[in-house]
């Protein structure tokens with residue numbers, strides 16, 4: 001029985017890994033296509049019909065390129081940096097619930113004895129804390145990359161990115177704390193299930209927390225208008241200036257993986273997660289499939305938002321970035337935590353009725 005469970009978990013993990021890599025590959029293609037649309041050009045259209053094999057061609061190119069190591073680099077740390085970034089990006093997916101419970105296929109039930117499949121690898125009681133911890137650890141990969149490359153542009157990019165991510169983790173954490181106060185749980189499934197009747201963004205504290213969270217989300221993923229770590233006009237390509245071939249591909253994959261992860265987290269925290277509007281399909285055997293479909297649609301919207309903002313807004317100056325984080329975002333984050341506390345007491349206990 002134990003071996004059967006291990007096999008079932010292995011199949012689930014490998015399936016998720018395949019879906020993640022495929023999704024990230026075609027997310028890069030979608031961004032290049034949208035960039036072409038914005039710039040009035042067709043975008044990638046040579047590798048297969050409509051360019052659908054472009055991600056495969058890019059993958060072969062990265063793998064086939066020669067691995068070059070700059071002189072005087074700390075080789076062990078130099079190789080460790082992209083590994084840390086990629087590992088953290090993958091580990092974050094372990095606690096994301098993509099839907100409810102699906103009936104297992106007959107062949108899987110026969111093979112392992114498992115009758116149902118939870119659309120989540122693990123469901124710890126502190127799923128939100130796990131996500132925040134993993135996002136904090138990813139800073140090490142960027143800082144080590146900047147330091148170990150023995151390049152001034154890389155080092156400046158690493159220092160910038162570290163300061164930026166630490167600065168914006170605080171308001172992001174405060175906005176998430178507001179949601180935790182309102183829902184009363186750190187489990188992502190509980191937070192999603194608590195929004196069956198009303199999404200968190202429709203509540204006054206949730207509405208304010210959403211805008212704080214989304215702003216911090218762009219800074220955390222080093223995307224425009226907050227891509228100060230990779231400012232091409234200033235730092236070549238920032239902390240991965242000295243990286244090429246497969247090592248650069250790991251950083252590239254980690255960045256796009258983090259964008260999709262943040263889109264999933266936004267959906268779970270503010271937009272009901274996998275819950276279906278108006279309880280469509282409630283009680284049917286297809287409810288989990290319907291929930292998964294709605295979850296994917298919500299995630300695709302926020303994934304598109306990353307692309308849209310990149311080709312719409314200009315880059316901040318570094319001093320403006322720091323000023324926004326410490327003088328605006330953190331005070332607003334503290335305010336929304338207090339606001340959520342007062343709102344939750346009123347909503348659950350009705351104490352404010354005493355004063356009306």
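Just so it is clear, glycine is given a Cβ too, placed from its N, Cα and C backbone atoms.
Annotated transmembrane segment per Swiss-Prot: 4-24, 79-99, 127-147, 166-186, 198-218, 251-271, 289-309, 329-349, in sequence order, evidence recorded as sequence analysis.
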Is the transmembrane segment (329-349) close to the transmembrane segment (289-309), in the sense of at least 3 CB pairs under 8 angstroms with a sequence gap of 6 or more? no
Could you give the residue numbers and ranges of same-chain residues that sit at least 6 residues beyond the transmembrane segment (4-24) on either side and whose C-beta is under 8 angstroms from one of its C-beta atoms? 90, 93, 108, 111-114, 117, 121, 253, 256-257, 260
Criterion met for the transmembrane segment (198-218) and the transmembrane segment (251-271) (at least three Cβ pairs under 8 Å): yes
If you count every Cβ pair below 8 Å, which range out of 127-147, 251-271, 329-349 shares the most with the transmembrane segment (79-99)? 127-147
Surrounding residues of the transmembrane segment (127-147) on its own chain - C-beta under 8 Å, 6+ positions past either end: 74, 77-78, 80-85, 88-89, 91-92, 94-95, 154-159, 161-162, 165-166, 169, 173, 176, 180, 186-189, 191, 220, 229, 238-240, 243, 251, 254, 258, 265
Residues outside the transmembrane segment (329-349) whose C-beta sits under 8 Å from one of its C-beta atoms, at least 6 past its ends, are 168, 170-171, 173-175, 177-179, 181-182, 203-206, 208-209, 212, 215-216
